[in-house]
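Asker: Below, the features straight out of Swiss-Prot:
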type     : residues : note
COMPBIAS : 90-101   : compositional bias 'Polar residues'
CROSSLNK : LYS5     : SUMO2 cross-link
CROSSLNK : LYS57    : SUMO2 cross-link
CROSSLNK : LYS60    : SUMO2 cross-link
CROSSLNK : LYS77    : SUMO2 cross-link
CROSSLNK : LYS87    : SUMO2 cross-link
CROSSLNK : LYS577   : SUMO2 cross-link
CROSSLNK : LYS738   : SUMO2 cross-link
CROSSLNK : LYS872   : SUMO2 cross-link
REGION   : 1-35     : region 'Disordered'
REGION   : 80-101   : region 'Disordered'
ZN_FING  : 159-181  : zinc finger
ZN_FING  : 187-209  : zinc finger
ZN_FING  : 243-265  : zinc finger
ZN_FING  : 327-349  : zinc finger
ZN_FING  : 439-461  : zinc finger
ZN_FING  : 467-489  : zinc finger
ZN_FING  : 523-545  : zinc finger
ZN_FING  : 579-601  : zinc finger
ZN_FING  : 607-629  : zinc finger
ZN_FING  : 635-657  : zinc finger
ZN_FING  : 775-797  : zinc finger
ZN_FING  : 803-824  : zinc finger
Amino acid sequence: MSYLKTTMEDEESSKKNENDSNADSQCPSVGFFHKDHMQKSKTGDTCDLFPKWKILKEGKSSIREMIDTHTNAANIKLEQDDETSEKSFYPSTNTMHQTIPTEPNCTKQGEHTENINGNVHPAHIADKKLHKCDECGKSFKYNSRLVQHKIMHTGEKRYECDDCRGTFRSSSSLRVHKRIHTGEKPYKCDECGKAYMSYSSLINHKSTHSGEKNCKCDECGKSFNYSSVLDQHKRIHTGEKPYECGECGKAFRNSSGLRVHKRIHTGEKPYECDTCGKTFSNSSGLRVHKRIHTGEKPYECDECGKAFITCRTLLNHKSIHFGDKPYKCDECEKSFNYSSLLIQHKVIHTGEKPYECDECGKAFRNSSGLIVHKRIHTGEKPYKCDICGKAFSYSSGLAVHKSIHPGKKAHECKDCGKSFSYNSLLLQHKTIHTGERPYVCDVCGKTFRNNSGLKVHRRLHTGEKPYKCDVCGKAYISRSSLKNHKGIHMGEKPYKCSYCEKSFNYSSALEQHKRIHTREKPFGCDECGKAFRNNSGLKVHKRIHTGERPYKCEECGKAYISLSSLINHKSVHPGEKPFKCDECEKAFITYRTLLNHKKIHLGEKPYKCDVCEKSFNYTSLLSQHKRVHTREKPFECDRCEKVFRNNSSLKVHKRIHTGEKPYECDICGKAYISHSSLINHKSTHPGKTSYTCDECGKAFFSSRTLISHKRVHLGEKPFKCVECGKSFSYSSLLSQHKRIHTGEKPYVCDWCGKAFRNSSGLTVHKRIHTGEKPYGCDECEKAYISHSSLINHKSVHRGKQPYNCECGKSFNYRSVLDQHKRIHTGKKPYRCNDCGKAFNIRSNLTKHKRIHTGEESLNMANMESHSGTFQKMIYYEGGNSLDGTRMQMPVWEAEHAKSQRNQIEEKLYEYNNF
């Protein structure tokens, strides 16, 4: 019944009228009038027949000529609706009618006629078409028809709908269109009461009651009510498609097809479902959709009784019973019941995907695939379970769900006895027993038991993530992954670990976690025997053997075996970091890293160390920290067997062996193995900083360091020690400070066992063992193990000691002055816990403690092994040697000895301070 839509455009009605003269012989006119009626009044009498005339489809041209025959044409009111083809006349009382003389030789006298044209009988001029179109050569009887026709070539549409902005060629077309929005249906069938928007639709409908179909197709014998519909039908045989889309060039057999198609480009969907609000571009789409809600399935298979909502799906279904598949693919020889299915299938070989989603850009081979896909974005779930009311986006989803409910399940597996509601589900299940995996990925060759598994897998290669979290915007390749993720936002964690009481969203995640406690590693590598707690860990590991690196950086082309490695690598490139912290403006590549970072500002640290009570934001950080106490270093370098507490340190270390230096200076091009090394290096470039402090003019390389620096001026110290009340600008400084109270020294020297509160102290200390002195004086070429020692030394060359004591003594640094002042004040803040003795400097307390521990003080042999400069200890001006004997020496030698002693004391001071 698609021809019902043809009446929506005025050019269609003109097409109908144009073909009328050709169809007269075989298709009688629906409405007509006799010429004798025109002779009723010669002297101005009112025509009593005129108001009753209803000139139907083929009478439109007659009306125009009738106007010409009246002497007072201005008084005639013409209500002409091209769409409805209903013509009514209301002549005034003074309308004059002309007498039409008869011709003696006319054989058509006394017959019904359609046209009256002066003194010439219409039958003689029926075939004359005097008005020709310059564009296409088509001819028309009347100029008005030609003018109307020309609009098709110009494409002019002057009439616009206020509701949907749709445009039309004529006011009548617009008027009929507006009834879609208003819901007005003025034309009612007196047989069944059904109403229509246009008169022509009513006439078409009425033919269903009468059953009259007088216009027959010569090609196939099919009959129609009207010649215009027959003409449209004939284009199926001729292949003629005169209506072309100006946007994409697609052609159609009729204007209504073109009109509906154009809505794809305009996005117009005027037909709305009053149940769920979904909109459609055509009424037939809405009609079919409504059957989902009503459950109506009017098309029933006479073989098996199964019912369908559309005729097309019924026809597809029937092919199962017939087994007839006449349409064969010349590529793979697969056969189909219908040519349309073959055309759809061929797209697989061509790779063409003409149907694109306007939300995410995903393309599909057929419109049905696109329609189903769009439900992901709209959230539409039209398939509802009649038992529990749960709704689904796909009919297959509903079918799977129904198997949950108890009841008869006709399809039983002979292998395991499991039953299924549908045979398709049973067939899918059987592949578990047979091991059959017929669905192969054309990219990597991986096989799957079902098509849905392959579909999800393919998204790894395409990067498509259609399932988006409406809370944080993160996207996933499957619905189940999104569901797992949403548990984070809801805080739902019903599965609790009996070992450590940690909770999880899913039982599978809990099972995986428990293997940490049981140390179970069921997934073993066939190549090297290495075992893993989960399959994903094994998968990533196997890529080491195969050399596969599926995760490639689009910036530099470097590839990695895991996604996490790629994400870590991407931080090297100064590209886009879309996730910005609103507290400190620091930006991140992923939303997850931003969330982790935000916990710094919130101060949220729920994970506490049971040894030192230090708190952490994440369990992973707590686990890492605990290794400080246990001295566990599980990450071993496979090149040099050096061990590390965490994987990140091992990664950085491995770059020493590989020579990889991913962090490059954009000023001089020098590269480094770690980001921190690059930051340190950048400080050597003067005048290349981007972030300047407006208080003191000091410049920095990043906004983060500038923000940190500004706390100096603001005096902001948000991190307070609960033990002594001392405040710090940074949490890291507070953490270091707390170790004074706890006595914790987690950083232990591998050489001599000495422990330090922080890693920097250990780093400097180790240089005593290695003999490394990286800080050289540019004045005298003397070198030191620490930067502070170099600064102290440089004051010798400058001769400046800006920090003065009341006693007149001067010092290079405030810290040394503070230490000195304790001599005057008598303050001794460093107290021994064993005997209560107090000291003014920490190093003296450290030396004193060795009395209680029995630990020998640093002996000369040890010092010689580190410095390689002294053979024995010498005291100045006749001091005692180590064995207590008195030594005599010249004054110059004593001065030299004094200088050497000062150097050793400096070393001892540094050593004890660290």
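For all residues, glycine too, the Cβ spot is worked out from N, Cα and C.
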Asker: Here are some recorded sites: LYS577, LYS738. Which one has the most Cβ atoms within 10 Å of its Cβ?
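Answerer: Of the recorded sites LYS577, LYS738, the most buried by Cβ count within 10 Å is LYS738.
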Asker: What Cα-Cα separation, expressed in whole Å, is found between LYS577 (SUMO2 cross-link) and LYS738 (SUMO2 cross-link)?
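Answerer: Computed Cα spacing between LYS577 (SUMO2 cross-link) and LYS738 (SUMO2 cross-link) is 35 Å.
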Asker: From the DSSP assignment alone, can you count helix, strand and coil residues within the zinc finger (327-349)?
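Answerer: Each residue of the zinc finger (327-349) counted once, the result is 11 helix, 4 strand, 8 coil.
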Asker: State the mean pLDDT for the zinc finger (635-657).
Answerer: 80
Asker: Going by DSSP, is LYS577 (SUMO2 cross-link) sitting in a helix, a strand, or coil?
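Answerer: Coil, per DSSP.
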Asker: Against which stretches of its own chain does the zinc finger (467-489) lie, if we need a Cβ under 8 Å and a gap of at least six residues from its ends?
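Answerer: Sequence-remote neighbours of the zinc finger (467-489) are 376, 456, 459-460, 505-506, 509, 591-592.
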Asker: Could you say whether, by DSSP, LYS738 (SUMO2 cross-link) belongs to a helix, a strand or a coil region?
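Answerer: The three-state answer is helix.
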